[in-house]
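In Swiss-Prot this protein carries:
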type	residues	note
ACT_SITE	C117	active site, proton donor
BINDING	K22, N23	phosphoenolpyruvate binding site
BINDING	R93, R122, P123, I124, D125, L126, D307, V329	UDP-N-acetyl-alpha-D-glucosamine binding site
MOD_RES	C117	2-(S-cysteinyl)pyruvic acid O-phosphothioketal
Amino acid sequence: MDKLVIRGGRRLIGSVTASGSKNSSLPVIAATLLSGNGTFTLHRIPDLQDISTFTQLINHLGAQTSFSDNTLTVSTGNVESLLAPYELVKKMRASIYVLGPLLARFGEATVSLPGGCAFGPRPIDLHLMAMEKLGAEITIETGFITAKARNGKLQGARIDFPVSSVGATGNALMAAVLAEGKTIITNAAAEPEIEALCRFLASMGARIEGTGTTELIIEGVTSLSAVEFTNVFDRIEAGTLLAAAAITGGTVTVDGVEPEQLKSVLKKFAHAGCTISQTPGSITLASPEKLIPTDITAKPYPSFPTDMQAQWTALMTQAEGTSRITDKVYHERFNHIPELNRLGAHIEIRKNQAIVEGPRRLSGTKVMSTDLRASACLVLAGLVADGVTEVLRVYHLDRGYEQIEMKLNSLGADITREKYKEFS
């Protein structure tokens, strides 16, 4: 198993390019299952464990794939299996994304109940509700979801989500594009990753109105075609890299981004005293001498993203005063806090809110990753901690960050990846 060994206290300076978004790559790859014609060429796909796992899943279904230099080619003409097995699905919750495309194209699908991140309940009820609205009959037995379209074809319908859900919106979209008639999705997620999926589906021939809004109108078509597509940047990775600059007192430029998609995060960095400069394709952050405590409340886009909440918590350990961290998306997403406190932070959880007292001088020690963003949070803390910090179980980090230690080292960090035995 791998760990990251971080020698802290180094100011980060320089420029780095953002990777493609994992959170948009996965539904886009799933959407290739909607077409049996031609070969897809997908650019700017990050080289991550989750991408590898998802590619294995669609290969199991019969797709043919090739991956090189962040370009993935996919041919789905030979897809025959409609069963997504437990052995693959257990590794990541996003495997549920194959449900909508398989059901739309073939009229049925069987998917193991998913695994994935370790924080709080993340029910798939909204995914199943959307499929039922479109005319699918759902059964759950022996750990598997089986969905069958009545008369073999989904029917357009109105889908009113009670809460915003990126995953359920994506699945509903992919199912609706081949359904007969019109589908209206209200309270749809408006995240940039859903907007990217809409653009990808439209390039394939789907008819979608309302892209980028919370109401999507889809007129079903009979077939879709393979296309070439360039993925969007990873706004969470970009935000994490900017946080690394801020926590170390550095100045970093992140290239290959769309600043508008990080507006809520940049606003909070500015409140914390950072100087932000933007061009159409880059963001530069210069850290202040003293960080100002800044509260955040994580909510669906365009508000502050839940996937930046843990990183912000680490940053606020260095601010002079009290900060309050609230997560309205995943109320229990605080697994990183005990580990931050092991490093010397002073953070209390009160009624689903983290209260951060700073500044605190952090001291390196061994800490344990529990999920993807908690891992990133601990790396940020290690960058500013005195001495050596060892972040264990970085396989969580590898699920969502492409060569993160190489990028940070290029900015002046001192991080090495080493093997270790779990309980030695």
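Using N, Cα and C of the backbone, Cβ positions are placed for all residues, glycine too.
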Quiz item: Which residue, of the binding-site residues D125, D307, has its CB surrounded by the fewest other CB atoms within 10 A?
Solution: D125
Quiz prompt | Residues that sit under 8 angstroms from V329 (UDP-N-acetyl-alpha-D-glucosamine binding site) by C-beta distance, when 6+ apart in the chain | solution = A298, K299, P300, T306
Exercise. Measuring CA to CA, name the entry from the binding-site residues R93, P123, I124, D125, L126 that ends up nearest N23 (phosphoenolpyruvate binding site).
Key: R93
Quiz item: Just the number: how many Å between the Cα atoms of D125 (UDP-N-acetyl-alpha-D-glucosamine binding site) and K22 (phosphoenolpyruvate binding site)?
Solution: 23
Practice problem: Between P123 (UDP-N-acetyl-alpha-D-glucosamine binding site) and K22 (phosphoenolpyruvate binding site), find the distance joining the two CA atoms and give it rounded to the nearest Å. | Solution: 21
Quiz item: Three-state secondary structure of R93 (UDP-N-acetyl-alpha-D-glucosamine binding site) from DSSP?
Solution: helix
Quiz item: Can you tell which of K22, R93 has the most other C-beta atoms within 10 Å, given these are the binding-site residues?
Solution: K22
Quiz item: How many other Cβ atoms are found within 10 Å of the Cβ atom of L126 (UDP-N-acetyl-alpha-D-glucosamine binding site), counting all protein chains shown?
Solution: 19
